[in-house]
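Q: Straight from Swiss-Prot, here's the annotation block:
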- 1-18: signal peptide (SIGNAL)
- 19-139: domain 'FZ' (DOMAIN)
- Cys24-Cys85: disulfide bond (DISULFID)
- Cys32-Cys78: disulfide bond (DISULFID)
- Asn38: N-linked glycosylation site (CARBOHYD)
- Asn68: N-linked glycosylation site (CARBOHYD)
- Cys69-Cys108: disulfide bond (DISULFID)
- Cys97-Cys136: disulfide bond (DISULFID)
- Cys101-Cys125: disulfide bond (DISULFID)
- Asn116: N-linked glycosylation site (CARBOHYD)
- Asn194: N-linked glycosylation site (CARBOHYD)
- Asn240: N-linked glycosylation site (CARBOHYD)
Amino acid sequence: MFLSILVALCLWLHLALGVRGAPCEAVRIPMCRHMPWNITRMPNHLHHSTQENAILAIEQYEELVDVNCSAVLRFFLCAMYAPICTLEFLHDPIKPCKSVCQRARDDCEPLMKMYNHSWPESLACDELPVYDRGVCISPEAIVTDLPEDVKWIDITPDMMVQERPLDVDCKRLSPDRCKCKKVKPTLATYLSKNYSYVIHAKIKAVQRSGCNEVTTVVDVKEIFKSSSPIPRTQVPLITNSSCQCPHILPHQDVLIMCYEWRSRMMLLENCLVEKWRDQLSKRSIQWEERLQEQRRTVQDKKKTAGRTSRSNPPKPKGKPPAPKPASPKKNIKTRSAQKRTNPKRV
């Protein structure tokens with residue numbers, strides 16, 4: 001009896017720690033690979049425990065998606081079968097909005113009824129959240145906030161990762177071909193890169209879910225800057241590259257400066273990862289103050305320029321136009337008129 005309880009307890013701890021340590025995974029469902037998000041978590045809203053099970057289930061809707069009966073059908077299906085994994089909702093995947101479900105159903109159900117099918121009960125819209133009353137996603141709600149000058153990159157297999165069977169193309173990739181550029185921790189770098197988050201973290205694990213998808217799980221200790229809330233727990237940093245830059249290893253204590261994109265924390269080539277030092281963290285705070293000061297200066301100059309242009313209207317450029325000379329015909333008429341009015345005396 002005691003042994004069975006101990007085994008059950010160990011199994012529960014293993015599952016609990018496993019879920020906490022690897023909350024997100026790359027989307028591998030073919031229908032959903034071009035969605036605005038590329039990481040998901042299982043189980044999904046239809047209780048599929050793995051993406052392999054979800055792939056088998058979602059295939060039944062491929063023909064319906066191909067006929068393009070609704071502009072939001074693919075989005076809705078992927079939000080159900082491969083829900084987006086975000087920092088704020090690691091334990092409860094976000095559901096699609098009720099309005100998205102209703103649009104997809106109303107658009108496609110007439111076509112389904114022509115073939116004696118109705119909208120499936122598993123995709124019922126009634127239990128889904130309304131946009132202004134709960135948390136949900138819709139195509140209109142997803143925006144891109146990654147700076148345009150940041151290179152979008154893919155991920156490499158040359159790291160300590162959670163193993164999955166590698167594709168043939170993945171095995172051909174060699175770590176030796178990757179040359180990472182060193183990003184120096186200076187004020188000039190900080191001002192030019194304009195990072196959206198700065199954290200002190202410990203690297204917990206690096207997990208691969210394909211040759212072009214790597215998730216670095218870090219334990220956040222301190223938050224110095226963020227554009228959206230970052231929980232002080234284990235969070236995923238997403239890289240999408242054939243080369244792992246900057247290169248990091250598990251168990252390192254580091255300061256990370258990088259970008260947030262679609263509510264996800266990224267780990268990209270121009271990001272800065274340095275061994276943790278108190279002095280460097282103090283510098284980063286000073287650099288952020290300089291960045292904000294620089295922004296205020298630019299805004300003040302724009303306001304001053306706007307007030308000046310309103311109070312002093314622009315003067316016309318160039319010399320004023322010269323008066324046009326009278327035409328020869330008018331001069332002739334004028335002289336003839338003068339002759340008639342003033343005849344010569346004999």
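Numbering starts at 1 and runs along the chain as it is shown here.
Backbone N, Cα and C atoms are what each Cβ position is placed from, and that goes for glycine too.
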Q: Tally of helix, strand and coil residues over the domain 'FZ' (19-139) according to DSSP?
A: 52 helix, 9 strand, 60 coil
Q: Work out how many Å separate Asn38 (N-linked glycosylation site) and Cys101 (disulfide bond) at their Cα atoms, rounded off.
A: 21
Q: So what's the mean pLDDT when you look at the domain 'FZ' (19-139)?
A: 87
Q: Distance between Cys85 (disulfide bond) and Cys97 (disulfide bond) at the Cα atoms, whole Å?
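A: It is 16 Å, counting Cα to Cα.
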Q: Return the member of Cys24, Cys78, Cys97, Cys125, Asn194 nearest to Cys108 (disulfide bond) in space, with distance defined Cα to Cα and candidates limited to these recorded positions.
A: Cys125
Q: For Cys108 (disulfide bond), just count the other CB atoms lying within 10 A of its CB, please.
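A: There are 22 such Cβ atoms around Cys108 (disulfide bond).
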Q: Of Cys97, Asn116, Asn194, which recorded positions come within 10 Å of Cys125 (disulfide bond), going by C-alpha to C-alpha distance?
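A: Checking Cα-Cα distances against Cys125 (disulfide bond), the recorded positions within 10 Å turn out to be Cys97.
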Q: I need the CA-to-CA distance for Asn240 (N-linked glycosylation site) versus Asn194 (N-linked glycosylation site), whole Å please.
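A: Spelling it out, the Cα of Asn240 (N-linked glycosylation site) and the Cα of Asn194 (N-linked glycosylation site) are 20 Å apart.
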Q: Fewest other CB within 10 angstroms, which one of the disulfide-bonded residues Cys69, Cys85, Cys97?
A: Cys69
Q: Look up Asn240 (N-linked glycosylation site) in the DSSP assignment and report helix, strand or coil.
A: coil
Q: Where Asn194 (N-linked glycosylation site) and Cys136 (disulfide bond) are concerned, what is their Cα separation in Å, rounded?
A: 30
Q: Would you count the other CB atoms within 10 A of the CB of Asn194 (N-linked glycosylation site), including those on all shown protein chains?
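A: By my count, 12.
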Q: Select the closest residue to Cys24 (disulfide bond) from the following recorded positions, measuring between CA atoms: Asn68, Cys78, Cys101, Cys136.
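A: Comparing Cα positions, the candidate nearest Cys24 (disulfide bond) turns out to be Cys78.
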Q: Where among the glycosylation sites Asn68, Asn116 do you find the Cβ with the fewest other Cβ atoms within 10 Å?
A: Asn116
Q: Within 10 Å of the Cβ of Cys101 (disulfide bond), how many other Cβ atoms can you find? Include all protein chains, please.
A: 25
